[in-house]
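Engineer: There's a structure below that I have some questions on.
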């Protein structure tokens, strides 16, 4: 009874204060409080589960960005790495899981070779593509780990690389070595799923993986050695499908891949040329300088020539050559519009090579599917010719 009376008195007192003009200050206070809460909510960068509207977002992704008052979820590779446990993140960044473009550039020559080796009229082996995708992820991670172990002192002197896990001290060299052992062990497991010829061929690439990071100290052409390393899958993919290499197809394809790497990694190296001079390392960007575009044009001609030879020897069909013209146009546009003195333009051109590689893969697949139609037409022509001869 007493509680009810007190509640009634408090309510009446509040009403009187609002009636007498206290309402404005009360509403003003509530408005200020509401505004303050909204500001805190907007500036909050973590803990999205605290918001009732998005209380399930941590299950999907912890990173939520606001654009024009609307929230959008991010599923980028960098955001996935940031959502991992804190003690795991340095290892994921060490293997560049937050920057998947390198994995794509290592994986794509494998897909070309696997698709070229497929039976006429058939899609490429999905299981083999998955296996090589896993291997590319692991070997790219192992290569980055080796690179950062070699370049620890160099990386500390460059602002772009100073935050790398080994250079910044988040991971010691011993921890990196143990992690490298784990990656190589898993990659070996993938390799052992292939035939004996492919196992031997894959193991032969390890010397290139280990030695490449040292090349920038020795020669102005480390991009060439990177090309030899990154395009090994052009040999390995065919061998994994067919049991051994058809060198009339594999060598021109491998050569084209090396030329392709010289194009995109020279473009990439122009971003870092000032830092490279400062720390004393070499690159094709420093070697070619203002003559970069003529050299890249030469690499592009060699690349396209190799792809034509590989296509002819693999008995590719019209769709393949139609896509090659688009690939050639893509490369020509990269080179013609490139501004080697703008790092952001170099990066844009560099990452566009993922689309170029996917386009070539699509051309190989469609060309292979077209083979069945061509064989049927040839068979019909032979039957028609035989019928004419018999009459």
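Yeah, the Cβs are placed from backbone N, Cα and C, and that goes for glycine too.
Here's the feature list from TrEMBL:
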- 171-190: transmembrane segment (TRANSMEM)
- 221-241: transmembrane segment (TRANSMEM)
- 253-271: transmembrane segment (TRANSMEM)
- 292-312: transmembrane segment (TRANSMEM)
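Help me see these features in their spatial surroundings.
Structural biologist: Sequence-distant contacts of the transmembrane segment (171-190), counting only residues of its own chain at least 6 positions beyond either end whose CB sits under 8 Å from a CB of the stretch, comprise 90-91, 94-95, 131, 134-135, 138-139, 141-142, 145-146, 148-149, 152, 165.
Using a Cβ-Cβ cut-off under 8 Å and counting only residues 6 or more beyond its ends in the same chain, the transmembrane segment (292-312) has close neighbours at 116, 249-250, 252-253, 255-256, 259-260, 262-263, 266-267, 270, 284-285, 320-321, 324, 327-328, 331-332, 335-336, 338, 340, 360, 367.
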Engineer: Who are the chain neighbours of the transmembrane segment (253-271) in space, where the CB to CB distance is under 8 Å and they lie at least 6 residues beyond its ends?
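Structural biologist: For the transmembrane segment (253-271), the nonlocal Cβ contacts are 105, 109, 112-113, 116, 223-224, 226-228, 230-232, 234-235, 238, 283-286, 288, 292, 295-296, 299-300, 302-307, 310, 331, 334-335, 338, 340-341, 343, 346-347, 349-350, 353, 356.
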Engineer: What else in the chain is close to the transmembrane segment (221-241), if you only count residues 6 or more beyond its ends and a Cβ gap under 8 Å?
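Structural biologist: For the transmembrane segment (221-241), the far contacts come to 105-107, 109-114, 116-118, 125, 128, 131-132, 136, 143, 194-195, 197-198, 201-202, 205, 208-209, 211-212, 215, 249-250, 253-254, 256-262, 265-266, 269, 282-284, 287.
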